[in-house]
Amino acid sequence: MKKHIEKDIDKVVQWLRKMVNESGTKGLIVGVSGGIDSAVVAYLIKKACPNNSIGVILPCKSNPKDKEDALAVVNGCGIDSVEVDLTQIHESLFDQITNNLMDKNLIDDKTPARLSDANLRARLRMSTIYAIANTKNYLVAGTDNAAEVYTGYFTKYGDGGVDILPIANLLKRDVYEWARVLGVPKSVLDRAPSAGLWEGQTDEKEMGTTYDMIDDLIEGKEIPQKDREVIENLHRKTEHKRKMPPAPEK
Ligand SMILES: Nc1ncnc2c1ncn2[C@@H]1O[C@H](COP(=O)(O)OP(=O)(O)OC[C@H]2O[C@@H]([n+]3cccc(C(=O)O)c3)[C@H](O)[C@@H]2O)[C@@H](O)[C@H]1O
Ligand SMILES: Nc1ncnc2c1ncn2[C@@H]1O[C@H](COP(=O)(O)OP(=O)(O)OP(=O)(O)O)[C@@H](O)[C@H]1O
Ligand SMILES: [Mg+2]
């Protein structure tokens, strides 16, 4: 099993080098959250481009444990890293957006909508990562796995705004197996998957199903009707995220 995973890892590392060479860029960059998906991608891009890869740590009102785990990842794989704290910029931007909408009577309540606030964090991260990618002439590596792609569980043009998706063929359970083989720190392996976009958020609580169920459905296995409905509904509602924006016919 381990040998088989090592071979698959090697294939993706070769593919990453090919993507860099064919694009005329010089290396690869990823946002490192302290979660398992970005940990695996950080280890992969460091293997592919040992001297031309960067991990970016982007706290935004984040739990301090996220940064601890993100540092364990960048230190564990030895990738160059940089931190940019987005907390203040997010607060000031979101305040201005809501105040100006209120002034124009376009919203009646200043309480920020939770998803709008959360997605702005993901999009500020995307803008920051691209600012560094442009400066270094690097490709942006995304961290979506097969379960997230299928359910559309990402912010459009936020964490979904990337150049390449090295682990998009892996089920969530495969990501854990790859992480063990790559040597991702135990503290990262033991965390519940979370977008970290609000206090106490976990992917499975928000989606209303489990990654095991999503993985099973993608593999064509039987799952309870209730979970099938939740997952197929997420898939349908997020079809637009997996396509180019539509335009009128000529
Ligand atoms: N049919 C349609 N055709 C074209 N566009 C359509 C559309 N329906 C909505 N839209 C557009 O899409 C927007 C909604 O999509 P979007 O902005 O992505 O927002 P939305 O899908 O509502 O929220 C993002 C979800 O991804 C989760 N997330 C985000 C970031 C990271 C992670 C993680 O796992 O770490 C998870 C987050 O917790 C939340 O559940 C709408 O505001 C609208 O602009
Ligand atoms: N604080 C952060 N700093 C840098 N990048 C981040 C941060 N939070 C989120 N990201 C980026 O957004 C991506 C989407 O988050 P997601 O939660 O799906 O993955 P993860 O945190 O790596 O894994 P997990 O599913 O275990 O939480 C991350 O993989 C990472 O690239
Ligand atoms: Mg996460």
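Cβ atoms here come from the backbone N, Cα and C positions, even for glycine.
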ATP site partner of Gly31, Val32, Ser33, Gly34, Gly35, Ile36, Asp37, Ser38, Thr143, Ser194 (as recorded in TrEMBL), chosen from Lys11, Lys18, Lys156, Lys172: Lys172
Site-mate of Lys156, Asp163, His240, Lys241 for deamido-NAD(+) in TrEMBL, selected among Arg123, Arg125, Arg191: Arg123
Gly31 (ATP binding site): secondary structure state under DSSP, collapsed to three categories: strand
Neighbouring C-beta atoms (10 Å sphere around the C-beta of Lys241 (deamido-NAD(+) binding site)): 15
Which of Ser33, Thr143, Ser194, all binding-site residues, has a Cβ with the fewest other Cβ atoms inside 10 Å: Ser194
Residue among binding-site residues Arg123, Lys156, His240 with least C-beta crowding, 10 angstrom cut-off: His240
